[in-house]
């Protein structure tokens, strides 16, 4: 009996140790071993890393750590939901942010525009309203909803992977939001598109059962979303 108990304890110990090691290995943005790692986009085409390869640190310049990508407004009026997002990218606009575990985004919302329910599987987000009045909110895994109306200068945190939204309450004026995310590659998954705009399409019976709708509703929603 004692030997069996010892073997069971040893197995449990190995399982727990494996889970801890797996969790450590699965961190999306590992710590740097250098002061910085300015991205080298030219080296990124032929192999894949958790981040981009670095240039020689001696070749780093101040402009590698600066960007004007978020200073330019976009026109979201003709988009599907009335919003546009400009995200910093180490490969294109902010090479000095490579491997720093962060990204920034500018969200332009048309009057009455909405960023529909979505999630960032690899990042938490803090959203700061620069202009306008924006209703924000997220739902946790207990399906409790947290909402707040933000005005210019006010901010709100969306916990990692929680489904959240942003809605411009003003139907006459645009809104602008600046977001910071704690991952170089936060990912974004919009709930409406994940359900109704996948390739190949989600089985119709699944959608009918999940949303308590009929086949005509499924096709109508797919058409409305451009599918």
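The backbone N, Cα and C atoms fix where each Cβ goes, and this holds for glycine too.
According to TrEMBL, the protein has these features:
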SIGNAL    1-28  signal peptide
DISULFID  37-54  disulfide bond
DOMAIN    68-219  domain 'Cupin type-1'
BINDING   118, 120, 125, 164  Mn(2+) binding site
BINDING   120, 125  oxalate binding site
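Apart from 118, 120, 125, 164, the residues listed for Mn(2+), the same chain places the Cβ atoms of 119, 123, 138, 158, 162, 163, 186, 188 within 8 Å of the centroid of those Cβ atoms. Cα spacing between residue 125 (Mn(2+) binding site) and residue 54 (disulfide bond): 26 Å, rounded to the nearest whole number. When Cβ atoms from all protein chains are considered, those within 10 Å of residue 164 (Mn(2+) binding site) total 24, not counting its own.
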